[in-house]
Amino acid sequence: MTNSNRIKLTWISFLSYALTGALVIVTGMVMGNIAEYFNLPVSSMSNTFTFLNAGILISIFLNAWLMEIIPLKTQLRFGFVLMVLAVAGLMLSHSLALFSAAMFVLGLVSGITMSIGTFLITQMYEGRQRGSRLLFTDSFFSMAGMIFPMVAAYLLARSIEWYWVYACIGLVYVAIFILTFGCEFPALGKHAPKTETPVVKEKWGIGVLFLSIAALCYILGQLGFISWVPEYAKGLGMSLNDAGTLVSDFWMSYMFGMWAFSFILRFFDLQRILTVLAGLAAVLMYLFIKAQPEHMAWFILTLGFFSSAIYTSIITLGSQQTKVPSPKLVNFVLTCGTIGTMLTFVVTGPIVAHSGPQAALLTANGLYAVVFVMCFILGFVTRHRQHNVPAAH
């Protein structure tokens, strides 16, 4: 593979994460305006965004098999057509049913693109370099999560219709579409070059089960935590502005943490540092919940920094449980994480209704403790050390 081809594929991976991050995180910014547009209460409007998450979940799950049937380049180009149709649907229609359908299509497109992006990184890079590259790729999710809410705020403050926010997000896919030209993608399944030696199907091993549980609990814990921090902080007498600042502090330090760990991880055994980070994150979250309001910002900043490498390290370790990275395995771990996203309000909503926001935060803390236990047990069964060959590039 030529160096320019590798750079193009790497940028497609970066942008695939930015696309999903923009779509998922911008929701909170535009929900009120969309509810007004359809003359609906915000609470019932939030349910229609489940179509976005459902689209992401279904496409990540199905793409484990589709990757071997439909070439990656074809998928990305077809995704561009779907993206244009979905954004056009948002702009031209005043129907809630069509809005929900367009959200579902946007979810499908971003899920397919993100699973391809993850697979490309696991395919092109090996050993410790794979972990640091995946981490840097994942930082684009957070970066888009910082940039696009600002874009949305700028447009909405000037009374520009909410659907132009989605048109701006569509520009990310335009860049992906342009990058597919003159770019060779790895061939999979029936399109892969035939080799003399038959491919031996590797068993995944029990380590994948531990990592999948860790992925689900981590995402459910993280989103359950960050979704209820503003309500919890307001309950302690903080202003809405200060409560919102806690959330943006978390994502900012999360992004800086990703950049730092994309360098640091190269020098450590991935399973060991993951166990340390998971334990540290559980302790820091507990300290945040028990802290006085004046100390909360410091705890959430350190929590964001030290927890930033956990999810990507889980995916990387998953990809290293087999000698040859398997798209089905990587997508399985990703799917478990996405299920965590889907369950966020299903799990935390009733807890908050019954016992208040602090109970939701303590539940999230318990989930982080489960992640630590899974990572610790993984140390006894992981196969990544026998497959971990130093990368040549």
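From the backbone N, Cα and C atoms, a Cβ is placed for every residue, glycine too.
Through the fold, the transmembrane segment (11-31) approaches residues 42, 45-46, 49, 52-53, 56, 76, 106-107, 109-111, 113-114, 116-118, 120-121, 136-138, 140-145, 147-149, 152-153, 156, 162, 165, 169, 172-173, 175-176, 179-180, 183, 341 of its own chain, all at least 6 residues removed from its boundaries and within a Cβ separation under 8 Å. Annotation comment: Swiss-Prot describes 11-31 (among others) as transmembrane segment, evidence class sequence analysis.
As annotated by Swiss-Prot, transmembrane segment applies to 51-71 (among others), with the evidence given as sequence analysis.
According to Swiss-Prot, the transmembrane segment annotation covers 78-98 (among others). Away from its own ends, the transmembrane segment (78-98) comes close to residues 37-38, 40, 48, 105-106, 108-109, 112-113, 163, 166-167, 170, 173-174, 176-177 of its chain (Cβ-Cβ under 8 Å, at least six residues beyond either end).
Long-range contacts of the transmembrane segment (101-121) within the same chain: residues 9-10, 12-17, 19-20, 23, 48-49, 51-60, 63-64, 66-67, 72, 75-76, 79, 82-83, 85-87, 89-90, 93, 130, 133-134, 137, 166, 173, 176, 185-186, 315, 325, 327, 330-331, 334, 338, each at least 6 residues beyond the stretch ends and with a Cβ under 8 Å from a Cβ of the stretch. Under the heading transmembrane segment, Swiss-Prot lists 101-121 (among others), citing sequence analysis as support.
What Swiss-Prot records for 134-154 (among others) is transmembrane segment, and it gives sequence analysis as the kind of evidence.
What Swiss-Prot records for 162-182 (among others) is transmembrane segment. Sequence-remote contacts of a segment are chain residues at least 6 beyond its ends whose Cβ falls under 8 Å from one of its Cβ atoms, and for the transmembrane segment (162-182) they are 8, 11-12, 15-16, 18-19, 22-23, 26, 29-30, 33-34, 37, 73, 76-77, 79-80, 83-84, 86-87, 90-91, 106, 109, 113, 144, 148, 151-152, 155-156.
Annotated transmembrane segment per Swiss-Prot: 206-226 (among others), in sequence order, evidence recorded as sequence analysis. Beyond the transmembrane segment (206-226), the same-chain residues lying 6 or more positions past its ends with a Cβ under 8 Å from any Cβ of the stretch are 247, 250, 278, 285, 307, 310-311, 314-315, 317-318, 321, 329, 332-334, 336-341, 343-344, 347-348, 360-361, 363-368, 370-371, 374-375, 377-378, 381-383.
Long-range Cβ contacts of the transmembrane segment (245-265) within its own chain (Cβ-Cβ under 8 Å, at least 6 residues beyond either end) map to 128, 131-133, 135-136, 138-139, 142-143, 145-146, 226, 229-230, 233, 238, 273, 296-297, 300-309, 312-313. If you look up Swiss-Prot, you'll see 245-265 (among others) marked as transmembrane segment, on the strength of sequence analysis.
Here Swiss-Prot flags 273-293 (among others) as transmembrane segment, drawing on sequence analysis.
The feature transmembrane segment is assigned by Swiss-Prot to 297-317 (among others). If you look at the transmembrane segment (297-317), the same-chain residues 6 or more away from its ends with a CB under 8 A from one of its CBs are 118, 122, 130-131, 134-135, 137-138, 207, 211, 214-215, 218-219, 222, 229, 245-246, 249-258, 260-261, 265, 270-271, 273-274, 277-278, 280-281, 284-285, 287-288, 291, 330, 333-334, 337, 371, 375, 378, 382, 384.
Annotated transmembrane segment per Swiss-Prot: 332-352 (among others), in sequence order.
If you look up Swiss-Prot, you'll see 361-381 (among others) marked as transmembrane segment.
Sequence-remote contacts of a segment are chain residues at least 6 beyond its ends whose Cβ falls under 8 Å from one of its Cβ atoms, and for the transmembrane segment (332-352) they are 24, 50, 53-54, 56-57, 60-61, 64, 111, 114-115, 118, 208, 211-213, 215-221, 223-224, 227-228, 231, 311, 314-315, 318, 359-360, 363-364.
Here the transmembrane segment (273-293) has long-range neighbours at 214, 218, 225, 233, 236-238, 265, 299-300, 302-303, 306-307, 309-310, 313-314, 317, 358, 361-362, 364-365, 368-369, 371-372, 375-376, 378-379, meaning same-chain residues at least 6 beyond its ends whose C-beta is under 8 angstroms from one of its own.
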